[in-house]
Each structure stands twice: as structure tokens, then as C-alpha cells.
Amino acid sequence: MTDGASKGKILEIDGLQVSYGAVQAVKQLNLDIGAGEIVALIGTNGSGKTTTLRSISGLVANTRGRIRFAGADITKLAPHRIVGLGISQVPEGRGIFPDLTVLENLRLGAYVRRDKAEIEADIRRMYRLFPRLEERKKQAAGTMSGGEQQMLAIARALMARPKLLLLDEPSMGLAPLVVKEIYAAIRQINQDGVSVLLVEQNAKMALGAAHRGYVMETGRIVVQGTAAELKSNDVVKSVYLGSTV
Amino acid sequence: MLLQQLTNGLTIGMIYALIALGYTMVYGILKIVNFAHGDIFMIGSFLGLFFMQEFRLPLYLAFLLAAAATAIIGILIERLAYRPLRMADRIVPLISALGVSTLLVSLAQKLWGTEMHPFPTAFGSRTYTFGNVTFSEIQILILVLSFVLMLALQLFVTRTKTGIAMRATSMSLTHAALMGINTNRMISLAFAIGSALASCAGIMVGIYYNAVYPTMGYMAGINAFTAAVLGGIGNIPGAMLGGVLLGLVETLGGAYISTQYKSVISFSILIIVLLVKPSGILGSKEINKV
């Protein structure tokens with residue numbers, strides 16, 4: 001389970017195309033994630049990374065191509081069904097419910113589950129992963145700092161007990177120390193057996209944590225390989241690592 | 001005199017609040033104003049009348065059946081008139097709402113005629129006097145039932161899993177869907193609850209004024225919409241507060257200035273709120289243009 005080199009594929013995207021009106025945001029995208037892997041999807045703003053994540057979660061109507069999860073075709077499924085199958089997303093901008101308390105946010109993360117006792121146990125696990133959430137459990141989520149909100153968003157996504165976790169820019173707008181803390185948690189989550197697709201502009205952080213990576217430019221994958229290969233790739237070095245170091 | 005007017009104002013305010021909740025719950029999730037909501041209130045009133053007249057059912061059963069039937073009508077309206085337009089520009093469902101409004105009024109006219117129908121119940125005429133305030137039986141019913149319904153709604157949206165999911169859906173459809181919430185079901189639920197509350201309000205208004213007629217939803221709808229905007233549209237406690245405030249102001253204005261000015265007062269409030277604080281008393285800062 002925890003072996004990043006495991007051969008079983010948990011997610012396979014074949015020929016994904018997404019258009020918003022006349023604009024093609026994603027053109028012929030192929031991407032796969034092995035069970036137990038952390039895969040990074042890096043690229044600049046507007047390259048189609050977020051659209052790819054939205055497509056996996058079923059939030060985009062006009063998609064062509066095929067998305068398979070654990071062997072099943074999920075391309076045309078409604079978003080809530082996809083969550084039920086085991087894919088959770090931490091969306092861009094965190095997407096916490098600002099007027100609800102931290103605890104209510106966490107409970108909503110487990111909306112698809114019925115096992116009450118296990119849900120309570122998972123809430124305690126989340127408090128161990130991010131102790132600050134326990135201190136603030138009765139507080140409206142919107143009153144917390146950006147880093148705390150990011151922790152809540154990740155914990156909330158885990159409450160569904162996903163097999164695959166999609167993370168959209170988890171480091172965005174956060175102080176370096178907080179980013180370190182978040183990334184330590186992501187590694188921990190992966191070691192507990194959750195596969196991760198990590199979308200980032202911060203290529204250095206993402207490739208530091210990932211087993212493999214894809215580089216996306218204007219709707220296409222332009223480079224792919226293991227994290228080590230990408231870190232030494234000239235294009236990646238000059239465009240993505242040079243500017244972020 | 002003042003205490004009596006306050007009582008009367010509170011009574012009509014509770015009615016406005018019940019109707020306003022339907023506007024606010026739907027707006028909260030879909031960001032559209034369901035302009036047919038006043039007419040759903042009218043249909044609910046007619047259904048209560050129908051169950052009592054045709055089947056000689058007791059009042060409480062008429063309430064229950066009319067509320068259930070009106071809830072189903074509300075769900076159908078969303079399915080047929082709004083859901084197919086979900087992706088369209090915001091002005092489109094607004095026009096569809098006006099169409100539904102006209103349809104419901106015409107339907108009521110066809111089925112029940114254009115004249116006023118008295119409510120066939122002896123209930124409501126007795127009065128009780130406490131000090132120098134006189135309550136009619138129907139006023140007591142309005143105050144108590146409205147309070148109980150609003151309390152039940154408040155407990156539902158703050159204490160139950162489904163209620164909290166509904167509030168989450170009104171904060172963000174997308175993020176609620178990412179929790180595994182079936183957002184279409186939450187939208188149906190908002191329409192069902194709003195329509196059932198409007199039906200209860202419709203029956204109580206029918207008894208209070210002893211009149212049910214096809215265009216009764218027009219002014220009631222506009223007043224309740226004003227109440228929802230006053231309290232902060234999209235905000236559930238706001239709709240309750242807005243309804244009560246509007247009822248009080250309107251009744252006091254009617255008593256101390258002139259009853260001719262009742263509508264002038266509520267429209268003035270609507271315009272002032274839109275100009276000065278469009279987000280309403282309890283509303284959040286960001287507000288989209290309706």
C-alpha cells in the first residue's frame with residue numbers, strides 16, 4: 001500500500017478534452033496515478049491544471065475522453081457520486097464553509113459515511129494530524145488564518161476516507177513555515193495509504209514530495225517523468241525551479 | 001392602543017416571515033428570486049380551502065395535506081421551470097419565474113374563479129382579552145404556529161446533518177458537491193420547505209381575512225420579498241427578523257398615519273434598504289445584483 005512504485009493504477013485519464021465555450025482549456029490530456037503514489041501536476045497559471053482537477057471531480061460538464069477510477073468509468077458521474085467512490089478534492093482557495101464551525105466542516109467532510117463511531121474516531125485523528133483544529137473546533141471556520149483554513153480543508157477532505165486525494169495549490173498564499181507543515185501532513189497522509197494528485201505552481205515543493213510528475217502548458221502535458229528526472233530536466237529547471245527557488 | 005397595534009403588527013409580521021423564508025432559502029442556494037413564490041402561497045391557501053370544503057377535513061389535516069401538496073408543487077416548479085435554465089444567464093430564470101407566476105394565477109382562476117372565497121371554518125372568530133389587548137383565536141394560531149414552524153426550521157438547519165448540508169449548499173454549490181452532497185436534492189428540499197411554509201401562511205391568511213382569491217399572492221409576495229431583503233436575502237434568521245419588522249412598521253404606520261399608506265411604507269422600506277444597505281440587516285457584505 002505504501003509503496004510508491006506499486007504497479008496498480010488508481011486513476012487513468014485518457015484523451016481528456018475540456019472546452020469553455022470557444023476556449024479549449026485542456027487538449028488531449030493523458031495522465032495516470034498508481035496506487036500509493038504522490039503525483040505532481042505542475043504548470044503556470046492558466047495551463048489547465050485546475051480544470052483537470054475539476055474534471056476528475058465531475059464539476060465540468062463539457063468533457064471528452066475517459067476518466068477511470070479503480071477500474072470504473074467515472075467520466076459522466078455526478079460530483080457527489082465520485083466522492084462516494086473515494087475521490088476527495090481540496091479545491092483552489094480551500095473552499096471551507098466560512099459560517100460553519102470547524103467541527104461542522106469536518107462532519108460535512110464525512111457526509112457520505114454512515115459509520116458514526118468511526119467518524120468520531122476520525123475527527124480525533126484529524127485533531128492529532130492538525131492540533132490547531134481541535135483548539136478552534138467551535139470557531140467559525142471563516143475567522144481562521146489561511147494556513148489553518150488549509151489544514152481544515154485537507155482534514156475535511158480526509159474525513160470522507162478517500163483512496164485518492166486531489167490537492168489544488170495547497171501552498172498558495174501561505175508562509176514558508178506553514179507550507180512545510182502542510183507538506184509534512186501530505187507525506188503522512190500518503191504513508192497512511194492515500195494516493196495523492198498534487199497541483200502546484202510551487203514546483204520545488206511539489207517535486208520534493210512527489211514520486212512522479214507531469215508538467216502542463218496551455219492544456220497539454222509537455223514533460224513527464226519521475227520527480228528526480230523532472231528536477232534535473234532543463235526546461236523544468238529554467239522555467240519552474242529557477243523562479244521559485 | 002399601541003400594544004394592540006403591536007400585536008396586530010406582529011401577527012402580520014409572522015406571516016411575512018413565513019413567506020419570506022421561501023424567498024430567502026431559494027435565493028441563498030440558487031441566487032435567483034423565485035417571483036412565483038407569492039403565488040405558491042396563494043395555491044397553498046386554495047388547497048387548504050379545497051381539502052376543507054371538498055373532503056370536510058378538520059383544519060389541522062387541511063394544513064398538513066395542503067403543505068405536503070404545495071411542497072410537491074414547489075419541487076415540480078423548480079424541476080420544470082428553473083433547473084433546465086441553471087446554466088443560463090441570471091435574467092433567464094427570472095423571466096421563467098414571472099411565467100410560472102402568471103400560470104399559477106390563471107390556473108387558480110380557471111379552477112376556482114376570480115371571486116373571493118370565504119374560509120369555511122368557525123375557527124378564528126372567538127376573541128380573548130388580556131389587559132387591554134384583544135387577541136382573536138386566529139391571531140393566537142398565527143403567532144403560535146408561525147413561531148413553532150420557524151423554531152423547527154432553525155433547529156433543522158443548525159442541528160441536523162441534512163440541515164447543515166443545506167446551509168453548506170447555500171454557501172457554495174461547488175464545495176458542497178465536493179463533500180458528496182447531492183446539491184440537486186438540497187435545492188428540491190429548499191423549494192419543498194419554502195412552499196410548505198408558504199402554504200401554512202396562505203391558509204392562516206385565508207382564515208384571518210376570511211378571503212381566498214387568485215391574486216392574493218401578489219401583495220403578500222412583494223411584502224415578503226421586502227422582508228427578506230430587509231433582513232438580508234439568503235439569511236434565514238434575517239427573513240424572520242425582516243418579516244416581523246416589516247409587519248410592525250406597516251401596521252404602526254397604518255394606524256398612526258393612514259392605512260392608505262401601508263404599501264407606500266413597505267415599498268419605501270424596500271427602496272431605502274436597496275439604496276443604503278443592500279445586504280440587509282443580517283446579510284453578508286457581498287451581494288450580487290438581483
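Each residue, glycine too, has its Cβ placed from N, Cα and C.
Here is what TrEMBL says about this protein:
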type	residues	note
TRANSMEM	B:6-25	transmembrane segment
TRANSMEM	B:57-79	transmembrane segment
TRANSMEM	B:91-112	transmembrane segment
TRANSMEM	B:138-157	transmembrane segment
TRANSMEM	B:189-209	transmembrane segment
TRANSMEM	B:264-283	transmembrane segment
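In this chain, the transmembrane segment (B:6-25) lies in contact with the transmembrane segment (B:189-209); the count of Cβ pairs under 8 Å, excluding pairs fewer than 6 apart in sequence, is at least 3.
For the transmembrane segment (B:57-79), the list of distant contacts is 22, 34, 36, 40, 43-45, 47-51, 100, 121, 123, 187-188, 191-200, 202-203: same-chain residues at least six beyond its ends, Cβ to Cβ under 8 Å. Away from its own ends, the transmembrane segment (B:6-25) comes close to residues 33-34, 37-38, 40-41, 74, 133, 135, 139, 142-143, 146-147, 149-150, 153, 166, 170, 190, 193-195, 197-198, 200-201, 204-205, 208, 220-221, 223-225, 227-228, 231, 233-236, 238-252 of its chain (Cβ-Cβ under 8 Å, at least six residues beyond either end). Counting same-chain residues at least six beyond the ends of the transmembrane segment (B:138-157), those with a Cβ under 8 angstroms from any Cβ of the stretch are 7-8, 10-11, 14-15, 17-18, 21, 123-125, 128, 163-164, 166-167, 193, 197, 200-201, 204, 207-208, 236-237, 240.
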